[in-house]
Amino acid sequence: MMFRQSAGMTSAPDARILLSLAAIIGVVVFVIDALTPLDIAIAVLYVVVVLLVASTGSRQAAIATAATCVALTLLAFAMSHDENYSGGSIARCIVSLLAIGTTSFLALRNQANTSRLQEQIQLLNLTHDAIVAYDMNDRITFWNQGAEALYGWSAQQAIGQRIHELTRTSSAIPLDELRDEVVRKGRWEGELQRVRSDGSTVVVSSRFALWRDDKGRPCAVLATNNDITERKRMEAELQRQQEELRATIDAIPGMVWSSSRDGELSYINRRWNELGITLGENGGGVWTSIVHPDDWPAMQAAWRGAIATGKPFENVSRIRHSNGTYRWMHIGAEPLRDADGRILRWYGVNTDIEERKQAEQALERSEAFLSDAQRLSRTGSIGTRLPAGDMWWSDEVYRIFEYAPDYTPGMELIVARTHPDDLELVRQAWDRELAGAPYVDVEHRLLMPDGRVKHVHYVAHLAAPQSAAIEYVGALMDVTERQVAQEALDRSTAELAHVTRVTMLGELAASIAHEVTQPLAAIVTAGDAASRWLNRAKPDLAEVGQSIGQMVRDAKRASDVIRQIRAMAQKRDPSQAVLDVNGIVRESIELVRRELDAARVELEARYVEPPPLVCGDRVQLQQVVINLVMNGVQAMSGVTGRARRMRVGTRRFDEHYGQVFVEDSGTGISEENVGRLFNAFFTTKPDGMGMGLSICRSIVEAHGGRIWAESQQGQGATVQFVLPVDKGYCDEQR
Ligand code: ADP
């Protein structure tokens with residue numbers, strides 16, 4: 001028997017037609033049976049009536065019809081035979097009754113079978129799966145509601161069609177092979193792609209089962225199909241997402257990896273190609289092969305520790321690349337845990353930090369350089385942020401102030417070390433910083449707890465402001481040694497200046513003697529005159545008074561000269577006073593006038609008015625002027641054939657400096673010598689010491705000034721110096 005889908009229960013119109021037909025046949029059979037004397041078992045035809053009624057599916061109707069047919073057969077028998085019952089007619093009646101009974105029995109059984117089948121088909125319809133049966137010619141014999149829903153064709157439309165043509169089946173393997181496999185193995189399962197009635201494509205998961213007849217011949221295939229289009233789409237989406245994730249992981253500028261909970265590498269991204277590593281069987285041996293042998297023990301210990309404790313892993317090691325070079329890498333990993341907190345696996349990333357490492361090393365090196373340089377030069381750095389007063393000190397600053405490095409830097413620490421006499425200077429500098437001065441420069445002393453005194457020089461400038469706060473970047477120099485050396489130098493300069501002055505006085509002895517003897521002679525002369533006026537018979541007191549006045553003036557002049565000579569000869573420290581430059585030049589010329597006269601020098605003196613006032617030591621500055629004048633006189637001593645002219649005077653150099661110049665018409669200075677004139681021991685004179693101009697430079701520079709020479713050889717020379725005009729600080733310094 002073949003599984004073939006029936007139309008189910010007969011529909012109502014069909015049933016009516018069948019019943020009518022059955023009634024007509026029944027009536028015709030009865031009429032012929034009862035009324036015609038035919039010697040045939042016409043009543044057998046009642047089976048047609050029974051079959052027709054049974055085919056409507058109604059059990060009661062079939063039973064009733066069978067009973068009616070039996071009754072009609074018996075009635076017709078009675079009607080047609082009166083009392084004469086022949087043996088033949090009885091036999092015909094019995095045959096008819098047997099036929100009706102057997103047929104009714106079979107029809108009822110068939111009806112029961114059909115309804116059972118119908119129920120089973122209804123059950124098959126209940127499933128969501130699409131169930132299709134087709135014969136060995138692929139013709140559809142069964143098409144459940146699931147198939148209708150899945151493919152869109154009704155059972156009526158589908159039954160009788162060729163399944164693969166109707167649904168345009170396509171599969172990974174050719175359909176012929178598929179059929180062969182079903183026949184060979186009796187079943188097949190796999191994915192098929194089909195087209196629905198509306199033209200859309202559907203992917204189904206199909207299971208085929210072969211149905212064989214009693215003789216074992218294949219006769220039909222039962223196929224159950226599930227729509228897996230959505231699942232396939234999800235799978236494709238998942239696949240796409242996985243590929244995207246993989247591409248993303250590959251694009252990460254780091255080496256991504258995962259490992260089992262016990263640390264064996266199980267996944268590495270494409271970046272690992274740079275190391276020439278592809279993950280083979282032995283995931284555990286990868287690290288040992290790429291980590292620098294010197295770094296491996298520490299890394300191994302850290303990794304083991306992380307695996308044991310489950311804490312995130314972090315390590316910095318050198319990793320070998322495929323070209324054989326090692327690069328510093330940061331290796332970090334985090335564990336992935338399940339709901340119970342058990343570690344499932346580790347996920348890690350290796351990041352190349354070679355550049356950062358090199359930069360760090362370079363920074364460490366330059367910090368070491370800087371720190372060494374600071375120590376050697378005794379210069380520390382101070383960063384100050386105002387108005388809060390936050391400070392940053394370099395190590396050298398701590399050393400200069402002699403504080404332990406754990407002190408928090410601040411102004412109060414500086415004040416605590418500042419020499420009490422210099423506190424005001426430091427406060428002023430601090431106030432200038434608070435006021436935002438672009439540049440601060442202060443030199444002051446420190447008084448250490450053990451009584452030592454240090455000299456420091458602090459300079460700072462306003463850094464480009466990055467925030468609203470004022471920031472100073474400054475340098476603090478320990479200038480104690482320089483200061484001590486400077487003081488020693490100043491002392492020796494002063495001593496040298498004294499020696500040269502005394503030498504100079506020796507050279508000027510004639511002039512000085514003249515300067516002194518001349519007023520003394522005048523005094524004697526005036527004394528003589530006075531006594532003559534007195535000794536007259538009638539003394540002329542007015543004349544006497546005049547002579548005495550003259551004597552007093554001359555005595556004063558002599559005493560002035562002597563005072564100056566004494567000052568020159570005296571050995572003492574330089575002093576500071578506000579001085580009139582014109583006065584200094586005048587007095588100096590007085591002292592050497594005799595020399596000028598003796599050398600027949602025509603002197604022209606020019607003084608600027610008002611006289612520039614400078615702050616300094618009178619004797620030292622006179623020494624400079626005398627030195628320059630004497631050099632000029634000496635330079636002109638060999639000149640013959642032209643006037644020996646000297647111009648000495650003062651000028652205003654600019655608003656900050658006053659100038660003194662000594663111009664002669666002597667031999668001049670060669671271009672070569674102009675540069676070394678002021679060097680110690682440079683002299684062109686046979687009996688010269690070469691110290692004069694060198695001392696002049698020390699004195700002028702100690703006064704904050706500058707000295708230089710200009711000359712055209714053969715035309716004479718001009719030696720000049722400038723001194724800063726006193727701005728009122730002189731008194732403070734004294
Ligand atoms: P000294 O007079 O003992 O040589 P100085 O230092 O005073 O030492 O002078 C150094 C040298 O400078 C002199 O030997 C001389 O050659 C040169 N010199 C100085 N002043 C003049 C000048 N006015 N004209 C030419 N040469 C000069």
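In case you wondered, yes, glycine gets a Cβ from its N, Cα and C as well.
Annotation comment: TrEMBL describes 21-54 (among others) as transmembrane segment.
Same-chain neighbours of the transmembrane segment (60-78): 19, 22, 26, 29-30, 33-34, 43, 46, 49-50, 53-54, 89, 93, 96-97, 100-101, 103-104, 107-108, 111, counting only residues six or more beyond its ends whose CB sits under 8 Å from a CB of the stretch. What TrEMBL records for 60-78 (among others) is transmembrane segment.
Look at TrEMBL and you will find 90-108 (among others) tagged as transmembrane segment. Away from its own ends, the transmembrane segment (90-108) comes close to residues 39-44, 46-47, 50-51, 54-55, 59, 62-63, 65-66, 69-70, 73-74, 77 of its chain (Cβ-Cβ under 8 Å, at least six residues beyond either end).
Marked as domain 'PAS' by TrEMBL: 116-186. Mean per-residue pLDDT, taken over the domain 'PAS' (116-186), amounts to 90.
According to TrEMBL, the domain 'PAC' annotation covers 188-240 (among others).
Taken from TrEMBL, the feature coiled coil applies to 224-251.
Summarising the annotation, TrEMBL assigns domain 'PAC' to 313-365 (among others).
The feature domain 'PAC' is assigned by TrEMBL to 440-491 (among others).
Taken from TrEMBL, the feature domain 'Histidine kinase' covers 511-727.
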DSSP says what for the domain 'PAC' (313-365): how many helix, strand, coil residues?
12 helix, 30 strand, 11 coil
DSSP-assigned states of the domain 'PAC' (440-491) in counts, ordered helix, strand, coil:
12 helix, 27 strand, 13 coil
